[in-house]
């Protein structure tokens with residue numbers, strides 16, 4: 001029996017995979033990733049908000065307050081506070097100050113409509129003067145709940161939220177912060193949802209599935225940033241692909257994939273020229289890349305943001321890659337670059353299938369995703385490994401992530417070259433581990449889309465057309 005998640009099978013005993021949950025404090029960015037992935041698994045944002053607000057109400061009851069003042073921002077943290085107010089209505093005298101910014105999230109707007117049907121005092125504020133008018137309420141309460149910013153708080157706090165925090169700190173009542181204290185506020189207690197984001201927090205579960213944390217998903221793309229309107233050529237990445245010889249098309253597929261994933265400039269060092277006008281071809285002397293070509297390639301490695309080595313290279317040219325590695329700041333190593341001795345760049349990403357992993361590490365990768373994760377950690381490779389399979393395993397030696405997107409139709413030749421190219425483009429803008437997670441997720445989803453129309457007739461070139469549909473549609477939806 002298996003559990004089917006996002007098109008690929010996963011072992012049904014997921015309790016074995018709890019060991020891959022990250023340890024320590026959770027960053028706000030990581031929590032947003034998990035939240036988004038939970039929604040992709042069918043847990044709606046409203047459901048998560050209801051669970052968070054219920055936990056916040058439970059924490060508030062421990063104070064046994066007669067009067068509660070709840071301060072709600074316009075983001076999802078404010079929605080958590082509104083849910084808590086609804087649950088506490090009738091148990092205490094509830095006053096809700098909510099920031100009427102005109103930019104509430106959809107979920108918070110829904111919770112506000114629900115709140116207005118409850119027996120609570122609801123007071124919108126738009127300015128510092130609105131708060132000054134109600135200063136007395138801050139002093140005449142038994143508990144203040146801070147649901148102003150939470151994990152959404154970044155940078156300096158602006159008015160009128162700054163005054164709201166000032167008045168809360170000057171009040172006599174204890175402050176209970178929802179999830180993460182708003183910047184500048186001094187809480188008596190922190191009610192953290194799912195996992196702690198700061199020391200001393202009390203954790204309340206909100207029903208987030210395990211796979212939302214340990215698997216890739218649309219939330220992984222949140223780290224990507226849209227380009228500024230004044231961006232210039234090169235800001236998306238200058239990628240160098242080194243490959244070709246026995247297999248002429250592989251480096252070009254990888255280069256085109258990098259372009260489709262947002263790279264601005266792609267050069268391909270290869271013995272053979274294929275007419276691809278979007279790619280800059282750098283020829284080598286013979287039918288294979290040899291050490292005689294180092295003088296040509298080394299300056300290009302120094303110039304590139306990311307160097308992708310290996311597609312279509314052939315084993316005879318492996319010594320060239322090991323000689324180039326010291327000159328590579330960020331490197332993606334695939335195919336015939338995955339041999340002993342393993343090349344190590346300043347920052348390295350390795351993209352082996354099971355056989356290549358065994359060849360480069362001397363270890364059996366195992367069969368299950370769990371066994372493969374342990375094999376990568378045991379190998380102690382200096383970099384991030386994306387071990388391809390029915391379920392891809394991404395590991396940087398400490399963090400582990402699983403990717404379940406994809407389809408059996410992706411066994412067609414060249415899909416690994418596309419994945420490597422996508423990862424190279426992403427690595428120009430994010431670290432290797434994140435590039436591997438996003439690259440695996442996006443390439444797999446692209447394969448799922450193409451399979452709907454092409455079935456098992458899909459080619460790697462077909463995959464190129466779907467990569468930007470997945471990657472940049474998801475990017476625009478974050479706006």
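Glycine residues also receive a Cβ, built from the backbone N, Cα and C atoms like all the rest.
Positions annotated as domain 'YjeF N-terminal' by Swiss-Prot: 31-214.
Counting every protein chain shown, the Cβ of residue 77 (K(+) binding site) has 29 other Cβ atoms within 10 Å. The secondary structure of residue 77 (K(+) binding site), as reduced to three states from DSSP, is helical. For 77, 146, 182, the entry in Swiss-Prot reads K(+) binding site.
For 179, the entry in Swiss-Prot reads (6S)-NADPHX 1 binding site. Around residue 179 ((6S)-NADPHX 1 binding site), the same-chain residues at least 6 positions away in sequence with a Cβ under 8 Å from its Cβ are 52, 77, 80, 150, 151, 190, 191, 192, 193, 197.
Feature annotation from Swiss-Prot assigns region 'ADP-dependent (S)-NAD(P)H-hydrate dehydratase' to 216-479; the stated evidence is similarity to another entry.
According to its DSSP assignment, residue 312 ((6S)-NADPHX 2 binding site) is coil. What Swiss-Prot lists as (6S)-NADPHX 2 binding site is 312, 417.
Secondary structure of the region 'NADPHX 2' (353-359), assigned with DSSP and counted as helix (H, G, I), strand (E, B) and coil, comes to 6 helix, 0 strand, 1 coil. For 353-359, the entry in Swiss-Prot reads region 'NADPHX 2', with the evidence type similarity to another entry.
The feature ADP binding site is assigned by Swiss-Prot to 388-392, 407-416, with similarity to another entry given as support. The Cβ of residue 416 (ADP binding site) has 334, 335, 351, 353, 388 as same-chain neighbours under 8 Å, each 6 or more residues away in sequence. Look at residue 416 (ADP binding site): DSSP puts it in a helix.
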Among 312, 390, 392, 414, which are recorded as binding-site residues, the nearest neighbour of residue 182 (K(+) binding site) by Cα: 392
Per-residue Cβ crowding (10 Å cut-off), top of binding-site residues 312, 408, 414: 312
Residue 390 (ADP binding site): secondary structure state under DSSP, collapsed to three categories: coil
Cβ-based isolation winner (fewest other Cβ atoms within 10 Å) among the binding-site residues 146, 182, 388, 412, 417: 412
Candidate binding-site residues 146, 312, 417, pick with smallest Cα gap to residue 392 (ADP binding site): 417
For residue 410 (ADP binding site): DSSP state (helix, strand, coil): helix
Cβ neighbour count (within 10 Å, all chains shown) around residue 392 (ADP binding site): 29
